[in-house]
Amino acid sequence: MWDLRGPSQPRQQFSGHAMVVTGLAVSPDSSQLCTGSRDNTLLLWDIGTGRCAERASISRNLVTHLRWVPHEPYVLQTSEDKTIRLWDSRGLQVAHVFPAKQHIQTYCEVSEDGHKCISCSSGFGGEGCEATLWDLRQTRNRICEYKGHFQTVASCVFLPRALASMPIIATSSHDCKVKIWNQDTGACLFTLSLDGSGPLTSLAVGDTVSLLCASFSRGIHLLRVEHSRGLELREVAAF
């Protein structure tokens, strides 16, 4: 952990995993850190002291991503065992396991209100390669699937409601494409091809009109949502 306004040395170190750390999530009150690893283990840390407060391990649970649910004591986790788990941080126990998918779940994201989550899937040639919307409330059902990428979908994000008249999400894939989807119907609204970028690895909302997209070959792409001819996505810079 680093202090952005402090010295160049780390403020705190959290050492406890036996293999590479592949996910981390900070609690809404910034008092706890949850980390996941390819060692099949989740660790819950006290941020102030750096002490490991809880440890949980499940066989074959190779963690790919973690997200803390806003306003809740729950952590969402995707895994190479093709499942999505919801953990209760109070004791670090599994609160729910969503129905297993056919492919590795690579990434997860939670809506700002904490009511829904998205996971996305590995795949090739259009097999797998989808994102899935889930209900995080009582029923915890699958709501919708978003199919149209041809390689692994590496990242997915909920986009700000101000961008469109309907709720929308975005996905990025190893097929060099970023897609915008109607969250409710699963319809693809726009596809941006970043040719020559190599696999696209992650997405982040920059502000109310822009996205950041990381790629293997061309660094970070700054993308802007425009409405001049309907809903479109345009690359405006690369770093």
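Cβ from N, Cα, C; glycine included.
Database features (TrEMBL):
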- 14-55: repeat 'WD' (REPEAT)
- 63-88: repeat 'WD' (REPEAT)
- 146-191: repeat 'WD' (REPEAT)
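DSSP places the residues of the repeat 'WD' (14-55) in helix, strand and coil in these numbers: 0 helix, 22 strand, 20 coil.
Counting only same-chain residues 6+ beyond the ends of the repeat 'WD' (63-88), those with a CB under 8 A from a CB of the stretch are 22-28, 34-38, 40, 42, 56, 94-98, 100-110, 112-114, 117, 119, 134, 136, 140. Per DSSP, the secondary structure of the repeat 'WD' (63-88) breaks down as 0 helix, 17 strand, 9 coil. Across the repeat 'WD' (63-88), the prediction's mean pLDDT works out to 97. Helix first, then strand, then coil: DSSP counts for the repeat 'WD' (146-191) stand at 3 helix, 25 strand, 18 coil.
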